[in-house]
Each structure stands twice: as structure tokens, then as C-alpha cells.
Amino acid sequence: MGRVTIAFTVVIVAAVIGSIASYQVKPANYEKLLEKQKKFDEAFEKEFYVEHTKYVETGERSERLEEMFEHIRQKPDMFRLEMDNHPLPYVTVECTACRALLTTYLTYRRVLGWDRDRIAEQAASTCGTLNILTPENCLKLVNKNIDILLYIIDNRPALTAQTMCGIIFQSGSCVLEDPSFLNWSINVAAGGRPITGSKTSQNRGASDLKIIHITDVHYDPHYRTGYNAVCGEPCCCREGQGIPANPANGAGEWGDYRDCDSPWKAVEDAVRAAARQHPDAAYVYYTGDIIDHGVWETTVAGNIVSMTRTYQLFRDVFGSKPVYTVLGNHENNPTNVFAPSYIDRSDFSARWLYDFSADQWATWLPTATQQTIRQGGYYTALVRPGFRIIGMNNNDAYTFNWWILYDPSYLTTQLQWLHDTLLQAEAAGEKVHILAHIPIGAGTSYRTWARQYRRILDRFWDVVTAQFHGHTHADEFNVFYSLANPQHAISVGFNGGGTVPFSNYNPNYVVYYVNPQDYQVTDFESWYFSLTEANQNPNRNPIWTQLYSFSRDFQLSNVSPASLDGLVRRFASNPTDLRRYWEFKVKRGDPFIAAGCTGDCLLNHLCEIVTNEANDDSKCNALAAIFRNLDDELFDEDK
């Protein structure tokens with residue numbers, strides 16, 4: 001996970017961050033603090049424009065401008081974190097930076113008439129000043145994204161910095177207020193079985209189907225054992241970053257905890273281990289992100305090579321066993337951006353990716369899926385009588401997809417298709433699994449899209465029996481609740497974690513047990529290996545072992561929404577069980593375990609389980625009231 005240009009420079013930060021996500025609990029006096037912060041931001045962005053304009057005119061940064069840059073400079077350890085995992089004080093500063101930088105550059109473009117090259121040069125300079133990438137790589141990343149952003153800005157003259165930052169951050173003083181981004185909706189048919197309680201399921205049975213879930217391999221063709229794993233950039237261990245003087249800073253044979261993606265041998269080992277240990281699995285799910293985090297130098301040709309090699313591995317290893325896959329946000333070039341289908345500029349369109357995917361996935365999918373895959377990278381397929389899969393491309397609703405800023409209503413097309421497909425499945429008496437890369441409800445899932453998705457899930461809660469996600473690299477789950485009756489748990493989103501260690505994780509995959517009558521997940525287990533142990537024994541393959549069997553380890557009869565909702569409430573009153581869940585979630589990655597997780601850290605992970613929509617803190621607040629009294633400290637007093 002899960003992470004371009006001018007401030008485009010905050011936009012650069014958005015493009016290079018990783019994919020770890022976690023909820024951030026708000027303090028009791030949050031609204032009061034936000035009002036204070038809004039005033040600070042308004043004053044900061046005005047002063048920043050004045051000081052930056054002086055710098056542009058004279059070529060010299062004033063002492064005050066240096067102070068302002070220092071205030072908004074990106075912390076190096078934030079590269080590996082998704083925005084919603086940044087501590088609240090960091091998010092506050094990032095929002096300040098977003099508003100100041102975007103206001104300044106929008107003025108340069110719209111009022112002063114700066115051309116493309118001048119903006120690119122200045123944006124790259126700002127990127128370097130903020131220590132986001134090396135100057136050379138800053139320029140590469142700017143040039144990959146600037147034409148898209150300028151097209152959007154030039155064609156949407158009413159688009160403001162406040163709206164842009166409100167889409168990217170969806171929190172803090174970056175509040176989304178523009179009704180055109182908040183008030184669109186899809187048509188939801190009346191009917192469906194009323195929700196009268198939390199959804200239950202049968203217990204695990206001997207005849208249950210087994211499904212292997214692999215995700216986020218993040219194959220890096222530039223990975224080199226022994227190369228610098230502490231390079232100071234968002235993605236390390238790469239050819240060109242050199243061999244460090246201290247061998248301890250060199251990349252491991254099987255991957256590395258330190259902001260590094262996967263060498264091919266590790267990708268291959270994970271897929272072969274899953275097939276070898278579970279030959280009786282009926283199906284395989286892959287929920288996206290084949291491409292590496294070196295987002296400043298990806299190319300269409302390079303992405304095609306990496307994806308082709310990975311899909312061929314799945315074909316070679318699993319043979320005739322069906323593999324159902326979806327796109328990750330890293331698959332396109334530039335990363336994260338998925339234009340509306342009516343944007344026909346070849347340098348903007350994702351059509352190359354959709355056509356490529358349609359051809360590659362034809363091995364596993366019926367011919368009828370070709371049309372929607374080529375249209376938008378999504379599909380539906382009848383797996384067996386009574387059981388249907390829907391593969392979504394919800395990367396278009398990722399808040400770092402700049403095309404949301406151009407036309408948020410284009411997202412209705414796929415959502416309406418999802419609704420209509422579920423309506424047909426309901427009429428046919430089918431049960432459905434939904435596959436999507438981005439977890440719904442995460443802070444980087446566009447809130448209006450998430451609300452419309454929840455309306456669909458409410459309507460078809462009895463049809464959709466499970467959801468499967470990736471992106472975060474964490475082995476976790478999310479409980480979904482009814483909009484009208486939030487005490488009723490109606491669905492579960494299972495996250496397969498990831499075979500990539502980026503960052504601080506051990507590699508893993510998940511196996512689900514699925515009832516063959518109603519296709520609900522009855523139990524699941526995770527398999528992993530210790531990266532430390534594997535790298536200490538580089539000449540043999542890693543030793544894969546079971547991380548957990550969920551029902552056994554948490555003393556549950558099943559993993560239905562009702563059962564997991566009860567477990568969440570148990571977590572709130574039993575920090576020991578919650579900490580065990582956290583250990584499983586981070587896959588016992590040595591850096592995580594060494595750092596520990598108590599108090600606020602545990603509460604953040606607890607709240608993430610029950611958050612279905614950005615800024616909807618209702619379920620979290622109820623759990624927090626049980627877990628502890630909220631801390632009122634958020635901002636430094638000198639602000």
C-alpha cells in the first residue's frame with residue numbers, strides 16, 4: 001500500500017509513501033483544536049506565498065521562509081506510512097504544507113501564467129528542499145505527474161487548494177466542503193431482506209472450500225542483495241543506491257524490513273509455498289500490487305514485464321486452478337492515477353493497463369468479462385452455480401488518484417455497475433465475494449465513494465458474503481456495520497496482508513475456509529516466515545509456518561460478522577487479546593515487536609477494525625469509552 005508534483009510537492013509525498021494504514025484516535029477536544037489550527041493554516045499559507053514569491057524573484061530564501069520550510073519538512077520515517085497512519089501532529093503539519101504549497105503554485109499558474117517547465121523546475125526544487133527524494137529523482141517524479149495535474153487545474157478553474165487538500169487528507173483542517181465532491185450518489189433499488197440483527201454463519205466444517213489469498217508481492221526487478229537498505233529514500237535495496245560501508249545496512253537475501261520491496265526469488269518462493277502447502281485449495285485470490293515502490297522511475301514497458309512474469313508464475317504454479325485477481329494502485333503508470341474512460345489522451349489513459357489485464361486474465365476468466373475489464377479494469381464471473389465473484393478496480397477512489405479532482409462523478413459508473421450486478425445476483429439466488437485492492441473505510445478511501453459503497457452493502461448484505469482486500473500489507477480484518485442500524489454487523493473485509501516485507505513486516509499469505517452452501521467464511525489462517533531467520537540462512541528457502549488459526553487462537557465458534565463484532569468488543573475490555581491481534585496483524589515483524597504497542601497504539605488498531613468511512617468516528621468513540629479516557633494532547637502549545 002498501498003504510495004505528483006507541485007505541491008505539487010505534498011502531492012509528491014502522496015505518491016511515494018508506503019501502504020501501512022492505521023486509524024488515529026481523536027482527542028476529546030478535537031473540534032476546538034481544529035478551529036485553532038484552521039486559523040493557523042490560513043495565516044501560514046498567506047505568509048508562505050509572500051515569502052516564496054520573494055524567493056522566486058531574488059533567488060534567496062529569507063530566514064522566515066527557511067523557518068517555514070523547516071516547519072513543513074517531511075519526517076523521513078513517514079515515507080513508509082500511509083497518510084492515515086501518520087500521528088495526528090504530523091497530519092496537521094502535512095495539511096498545513098498542502099494548503100500553503102498548493103495555494104502558492106495555483107497562483108503561479110493561474111494568475112502569473114507560469115508555464116509547465118517553470119512549474120516543474122520549481123516543484124522539483126521544493127521536493128528536494130523538503131528531503132522527499134534526491135534532486136534527480138524529484139525531477140523524475142514531477143515530470144511523471146505534472147502534465148496530468150496541470151490538465152486538471154487548467155480545466156477546473158474553480159478547483160481550490162482547500163478542496164484538493166480535503167480530498168487528499170480527508171481529516172484535520174483539510175476539510176472537504178465542496179458540495180460537488182460530497183453530494184453525488186448512485187441509484188439503489190428498494191427491497192432486500194431487512195437487517196434485523198448482526199449476520200451469523202455456520203461453524204467450520206469438513207466439507208468447506210479452501211481459498212488461498214495472496215496479495216502485494218511488490219516485485220522489484222532492481223532489488224540487489226547487499227545493496228543499501230538505509231538509503232534515505234522511500235524505497236531502498238535497489239541497484240544504483242550502492243553498497244553501504246557497513247554490511248549490516250545491506251539488503252537481505254530474501255527481502256528486508258527497511259523500506260524494501262521483494263526480490264524475484266522471494267516472490268516465487270511465496271507463491272510456490274502456498275501451492276505446496278495447500279494443494280487442496282479450490283481457488284486463489286490475488287488482490288493487487290505487483291509493481292514496486294520506485295514510483296519515480298516506473299515505466300509502462302517495465303510494469304508490463306513485471307506483471308507478465310508474475311502472472312506467468314501463477315499459471316505455472318497453480319496450473320488449471322482458477323486465479324481471481326484485481327489491480328493494485330501501483331500497476332498503472334504513473335502510480336495511483338486512473339483516468340475516466342472518456343479521457344482519451346494516450347499519455348493519460350489507463351487503457352493500456354486494462355487491455356493488458358484483459359489479455360492476461362483471460363486464462364482464468366470467461367470471455368464475458370472482457371468488456372468491463374477493457375473499459376475500467378473490473379469484472380464479474382460465476383465461479384460455480386450459486387457463487388459469483390466481483391473483481392473491482394477501486395483504485396479510482398484512492399484519494400491519491402488525481403482524477404477525482406477533475407470529475408468525482410465518474411466514480412459512479414463502476415459503483416452503479418456493482419449495484420446492478422448484485423441486483424442480478426440476488427434475483428438468481430447467488431452469493432458473492434467482492435475483491436478489491438483498497439480497503440473500504442481506510443482514510444485513503446474517498447469518503448463519498450465509501451458512503452455509496454456502504455449503501456450498496458446495506459442493500460445487499462445478504463448477497464455479499466465476504467470482501468477481500470490488500471494494500472496495507474497488514475494481516476487484518478474490518479467489520480462493516482449497517483448505516484441505519486450501526487449496532488448490527490453485516491459484513492467483514494478480510495485483508496491478505498502481503499508477501500512483501502515493506503516495511504517492518506514478515507511475508508505472509510492467508511487461507512480461508514468457506515461454507516460450500518452459503519459461501520460465508522467460517523475460519524481463516526495465516527502462514528508466514530521470519531525474515532530475520534531466513535536472511536540468517538540465505539542458502540536455503542525460508543521456513544513457512546502457521547502464524548495463527550483465527551477461531552482457535554481467539555476461542556471463536558466462527559468468524560461471522562456477529563462473532564467478530566463480539567471479538568472487537570472483547571478487545572476493548574481485554575488489552576491482552578487486543579495485543580495478540582496486533583502481533584498477528586504485524587505478522588510478528590521484528591521491528592514492530594521491538595517497538596511494542598500499548599495504550600494509544602492499541603486503541604488506534606482497535607478503532608481501525610470498525611471504521612467504515614473516513615471521519616465517521618462513532619464506533620471508535622464507543623470502544624474508546626471502554627478502553628480508556630481520551631488524551632487531550634494533540635498540538636504543541638507553541639502553535
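Each Cβ is built from the backbone N, Cα and C atoms, and glycine gets one as well.
Cross-referencing C236, C237 with TrEMBL gives C236 as the cysteine bonded to C231, criterion being a recorded disulfide. In terms of DSSP helix, strand and coil, the domain 'Saposin B-type' (91-178) has 64 helix, 2 strand, 22 coil. Distances between the Cα of H218 (Zn(2+) 1 binding site) and those of the recorded positions C138, N329, C597, C601 are shortest for N329. There are 27 other Cβ atoms within 10 Å of the Cβ belonging to C236 (disulfide bond). Annotation: C231 are the recorded positions among C231, N329, C597, C601 whose CA atoms are within 10 angstroms of the CA of C237 (disulfide bond). Across the structure, C236 (disulfide bond) and H471 (Zn(2+) 2 binding site) place their CA atoms 19 angstrom apart. Closest in space to H471 (Zn(2+) 2 binding site), of the recorded positions given as C138, D289, C597, is D289, taking the CA atom of each residue. C231 (disulfide bond) counts 21 other C-beta atoms within 10 Å of its own C-beta, drawing on all protein chains shown. If you take every residue in the domain 'Saposin B-type' (91-178) and average the pLDDT, you get 92.
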